[in-house]
Amino acid sequence: MGRREEMIAKIKELMTQPERIRNMGIAAHIDHGKTTLSDNLLAGAGMISEELAGKQLVLDFDEQEQARGITINAANVSMVHNYEGNDYLINLIDTPGHVDFGGDVTRAMRAIDGAIIVVDAVEGVMPQTETVLRQALREYVKPVLFINKVDRLIKELKLTPQQMQERFVKVITDVNRLIRRYAPPEFKDKWLVKVEDGSVAFGSAYYNWALSVPYMKKTGVSFKDIIDLTNAGDLKTLRKKAPLHVVVLDMVVKHLPNPLEAQKYRIPHLWRGDINSDVGQAMMNCDPKGPMTMVVTKIILDKHAGEVATGRVWSGTVKTGQEVYLINSKRKARIQQVGIYMGPERINMEAVPAGNIVAVTGLRDAMAGETVSVQQIEPFEALHYTSEPVVTVAIEAKNVKDLPKLVEALRQLAKEDPTLHVKIDEETGQHLLSGMGELHLEVKLHRLKTEWKLDVEVSPPIVVYRESVTKQSPIVEGKSPNKHNRFYITVEPMPDEIYQAIREGEIPEGRPKDPKAVAKKLAELGMDYEIAKGIVDIYNGNMFLDNTKGIQYLNEVMDLLVDGFHQAMDEGPLAKEPVMKVIVRLHDAKIHEDNVHRGPAQIYPAIRSAIHCAMMKAGPVLYEPYQKVIINVPYEYMGAVSRELNQRRGQLIDMRQEGEVMIIIGEAPVAEMFGFAGAIRGATSGKALWTTEHAGFKRVPNELAQQIIRQIRQRKGLDPNPPKEQDVCPQQ
């Protein structure tokens, strides 16, 4: 026990010295060795035994992750490392590299200031590497590079030192190209990684060794020594001469920023409040004496403690018994236990000051992404997720008495993972669960069975489509049921540039805090500034503009109009699927002076029917989600793979050969991708490795659209015939 207590005492001492803290993550493409690297860093820091590390995968502590060998939840661990005679506290957050868990990656990025990007020396920079690096840079997280699996270059590919150098240079060039492309303007050059200064290290996480130029200079170990030891199979000496954790954690301490440095440039970017307010200044300076503010990045369900929220403390000190506000959910809560994580184990502390990663209980109903503070401050920006839910399954409890338990379990899952959408269909009593892909949903359903011991019936997966329009509609009048309120609106397709800016988070969703700034941005993207000034709301990639002049009572009903706009966007006119890329403009209105005659029961149907009728007059179309598929396969199976893709309405985008392996990149509709895993394994005798990414939405071909609309409507218990304009527009 002595060692563990020593460790905790050391961590407590370092927590109060922000210049000695590094909050960092490890991000990579799936199977490039991220979790193995994390475990060996922990072993080096004395958290687990060295022999076990790498085989043990401490951070993959969910039994499902261990079975699948992929990291599903971002766990975090605090450890201590000595660099040039000083101790440093390193808070490590492990993030998943599998695309179906992209939401976890984005949230973890919010809590950290720096990241080790892991790239497999054999495979090089892969699409998912680009995705995680882009997310890191967008959250102002500084990267360093670890080139992994170098042992394979020596043993399997038998490369000469010269060829290896060329490999490394290619990886570094590719990573720097991405940093130049995605880094914030002021860091495009400063954050490039370089071999000379030690912001690049290379090695083998599995065999627990690593090298960097500063380490080679300091110790005299040469690259040739490494090749000889690897070929001789003398792994013990190798680990002693070039210990992974020393090289990598030295790089972390030297090149990644401490919270004092990082918060100065990260807070103005991540937080929309007034930087000169007392909270703003406290966060900029990472001040432990300021008002306590933290952002929740993850909710974990602990068997003993209930919901544990982990997050980053930006200012002040988190203490037991503190009364706090949950800003987004507009509630108060009281903090109960305060602690930190060492792997799956939570260790209680009396207080955790600014600049640290904390684990607290007592924040009932907090979601990942929640801002928690002792004052009512502006929330941190909504987190951007790179993909949106595209696949839905309907779930029913086999046993009726399990229903309350099922509702609770689904609520909990949605809370832990905001990229999972749960909807209860009141009419059929089914629960609809939407996620980012087949694997994402499989994992969640598995948890219902194992953690909640629930027996559920699951429908075959259903694809979530989107509805949109192709041209501008004429002005349409929407009347309230009592005929006392009239709204005159048009709808039109949203230009791609504007839609992209909303998806990328450059234009925030929701009611704009600063409409002028948003209007200016819209004007830069080609919208007429006079029209853009009317911006009222952005909702799921759709926009509501008020282009009226001096209408009486309009302000009083604006909230209701926005709610009605949301209802119309949640269920479009064709098949009650969500709407995307539509701009709704209000041109004129007549509103009853007595608020009794202009309540929700009057306003909602008026605006909803007007929007739906206008959409029917604007060339309504159906969009379907696409997936990008990246397949690594031996050369001889190439034909089988492209046939498999073609049968699924897919197309090949790119093919390149790396050694014996072909990398095939294709795109196909999600609807055609179910069962792809089995089919591709069969077609390639199990030799294909593949990952998928969300590739946005594309228009459904006309010949298929009618048939799909029929199927969706039938499934929802509606009249299966696709509606015509006269069915949706009220007859005048």
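Using N, Cα and C of the backbone, Cβ positions are placed for all residues, glycine too.
Here is what Swiss-Prot records for this protein:
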BINDING   28-35, 94-98, 148-151  GTP binding site
DOMAIN    19-260  domain 'tr-type G'
MOD_RES   His597  diphthamide
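Using a 10 Å radius centred on the Cβ of Ala28 (GTP binding site) and all shown protein chains, the other Cβ atoms total 27. Separation of the C-alpha atoms of His597 (diphthamide) and Ala28 (GTP binding site): 58 Å, rounded to the nearest whole number. If you count neighbouring Cβ atoms within 10 Å for each of the recorded positions Val150, His597, the highest count belongs to Val150.
Note on the domain 'tr-type G' (19-260): its mean pLDDT in the predicted model is 80. Secondary structure at His597 (diphthamide), as computed by DSSP, is helix.
Look at Val150 (GTP binding site): DSSP puts it in a helix.
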